[in-house]
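Enquirer: Relevant sequence annotations retrieved from Swiss-Prot are reproduced here:
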ACT_SITE  769  active site, charge relay system
ACT_SITE  846  active site, charge relay system
ACT_SITE  879  active site, charge relay system
COMPBIAS  19-36  compositional bias 'Basic and acidic residues'
COMPBIAS  58-70  compositional bias 'Basic and acidic residues'
CARBOHYD  365  N-linked glycosylation site
CARBOHYD  530  N-linked glycosylation site
CARBOHYD  828  N-linked glycosylation site
REGION    1-44  region 'Disordered'
REGION    58-101  region 'Disordered'
TOPO_DOM  1-108  topological domain 'Cytoplasmic'
TOPO_DOM  130-927  topological domain 'Vacuolar'
TRANSMEM  109-129  transmembrane segment
């Protein structure tokens, strides 16, 4: 299950204006005031007006801590604040306006003293301003650690967070390997004032910082024009992949999405010297191809068409069909739905050997996998027209979708010998049975292949080493996680081959892998390839993240990102292949959340700072590079300007202890937070296994809008089961999803409910995908005692309905853990009745979390007469819910529903009563 769209699902599509009423007026909408009592209704609004009138008449005065004071009445606002408070009638009684009886000389003395004080104040103010000690609020830099927000009056809007207003500008660099050995080359596509596709030396971006002795590679054009013609038609490149020798470019046009990562396209081979294109498949320019990949030797392209693998030789200008059994149920070289979604997170299951002599590819047989129908009522994803007379019927797409406990696709790794034009399979003794085998990673290691495979519930791992030329193989590592911590093995795609180089001290081939060590994920170096006892490169009570990032083979340095400073930060580190000299690359003296991408030769890198301050990006030389270089490529000045001008929420980070376990939280407070007021609180969470929602990234998202725009407190707590707090706290959830995740949200809510500034009667929780499941599970487990409201988008409601590879990793199979599946499902629906109200939303065409989940729960609710909920469904929308403006409706619905909840409207609905009949007076005739 991918991270929930609800975490950052903002659409790039233009949206209409969102009207935010200025007052809590029944006729215009109901924006909640954070200062209200636990049930805010219209009568209380009138009470507030009367209390303000009473205050004005002197019955009581509004002090700085008055809970009835509006947020915009803040005395600290430099433009509108009251520097000198007026006197009330009570004060006037104590200090009459007349000065009867005051000595004239004393009056003169007081006037002189007052004049001197005022003069001194004016001089001091002039000095303060002239020496730039004073800055208007709009000029003060954004401080993520601030506990007080300077008042500028500008509020964050839903339009902004739904659009791109608060999105940091971010650039990616397509680093490419030079055929001439130069490092730091990048691919520039459609750059301003440049040819369409250009190879440049990264140092040309700022040649002023380059040592004169360093040769900067000259730019070279690969594709000059933005369009190309073929057969009388004009085509525009969608995606491009240069060959390794940079003499040709593989181009994809007319891209059409399939699933989350996969797509169909027309492919072309573009000649750089001639500046002309030809179809990848000679004579068939319009054929839809699923995948195309260059050979590392630049003389051939492997591609998949109709689930069969082909080889286009450019040297001999011919096409060879490698497989012939592909079709609706057999995939060659590309993954099926579940492998694309849960294993490879991509559209390729084809791997070239570095010498171009072999192709490894996955053969997937879905024959035994049951189908699930996805209905489209308004669109036709197939692109076909309905038969005459069938226009009124929905299009149905049948997906081979293995649910928990059902038959999995059968996968086998096969090899193709290019020179012999021969496919073959290498038999490995002791392998998992067909229905109990997952192949999760394939890495070429010289003439050998490292293959990772697990059983279907992911608690036994085998690392197999295949000698392709000899057509033999054996398991070199076999681990049972039950003997380690009772959890599961994560799927990774970062295993790195380290070739032997005696001149560099590497006597034999090896590889770097992520392993379980010290209750965390750490890096290990296995050498030779068949060694099962590694050199540990990292250790300690912290984790490496999706590592290694890269390896500098010239200097035997491994670069990686880790949580060494804090579980909610990310810094870049380096360590020698010996496991010595671990040190930070980024500044660990300041909080930071970094990621990094390296050039092909590891001499340069794009370093991206994501928070907590305004994000920036720069190209740097790596520590081992003798030629130092640094160039800022993005400072996000416009974002920084907006952060100065707008009143962003106050973010408070910390930890809470639940059952002795420290859990990270972030609390977003309204900009003019007053601890003496009573605030409603919204808990937002995802809670999925290994995920993390609390981090130090700079974000202004929907949760920020809830705090800064609506005036509520918004809290996120990463409970047990989430990532980066140790495997012990992660794997505790195995076999019973939802038990601990819900428990920890309830425990956190009780902590907040006890705070003086929280209205314990107005607590809500929401989430999307796994977060939607945990929202419902929390309401079920809590039974209305803590959380009064919940909002669940695209929720799983029974793990028997979700895909096997994801679900069984955490739940085992229904056949072996039936009780766990029963208790993890949303079954105790009478407990949901104890909350005030909850909301569910789902996309009808969700191919990931099927609509079946919500429909089944609705039936359970009907069976026991539960009615305190609302439902909204979105035709033709998938898991992201975007079709026909749906994403905007999701967030409008969340917002308005939440406002009604915190304004007490759902309490009225729960006890709906008709008004008394008014007597009807007879109309008398006019005489």
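Here the Cβ of each residue, glycine as well, is placed from N, Cα and C on the backbone.
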Enquirer: Which one, from the recorded positions 365, 769, has the smallest tally of other C-beta atoms lying within 10 Å of its C-beta?
Expert: 365
Enquirer: Going by Cα-Cα distance, which of the recorded positions (530, 769, 846, 879) sits nearest to residue 365 (N-linked glycosylation site)?
Expert: 846
Enquirer: Expressed to the nearest Å, what is the distance separating residue 828 (N-linked glycosylation site) and residue 769 (active site, charge relay system) at their Cα atoms?
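Expert: Distance between the two Cα atoms comes out at 20 Å.
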Enquirer: What is the pLDDT of the topological domain 'Vacuolar' (130-927) when averaged and given as a whole number?
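Expert: Value for the topological domain 'Vacuolar' (130-927), mean pLDDT as a whole number: 93.
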Enquirer: 10 Å Cβ neighbour count around residue 530 (N-linked glycosylation site)?
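Expert: Cβ-Cβ neighbours of residue 530 (N-linked glycosylation site) within 10 Å number 15.
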Enquirer: Is any of the recorded positions 530, 769, 846 within 10 Å of residue 879 (active site, charge relay system) (Cα-Cα), and if so, which, in sequence order?
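Expert: Taking 530, 769, 846 one by one, the ones whose Cα falls within 10 Å of residue 879 (active site, charge relay system) are 769, 846.
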Enquirer: Determine the Cβ neighbour count for residue 828 (N-linked glycosylation site): the number of other Cβ atoms within 10 Å of its Cβ.
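Expert: Taking every protein chain into account, the count is 16.
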Enquirer: Can you tell me the CA-to-CA distance separating residue 530 (N-linked glycosylation site) and residue 846 (active site, charge relay system), as a whole number of Å?
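Expert: Given the Cα positions, residue 530 (N-linked glycosylation site) is 44 Å from residue 846 (active site, charge relay system).
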Enquirer: What's the CA-CA gap between residue 846 (active site, charge relay system) and residue 769 (active site, charge relay system) in angstrom, rounded?
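Expert: About 11 Å separates the two Cα atoms.
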Enquirer: What is the Cβ neighbour count of residue 846 (active site, charge relay system) at a 10 Å cut-off, with all protein chains included?
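Expert: Result for residue 846 (active site, charge relay system): 22 other Cβ atoms within 10 Å.
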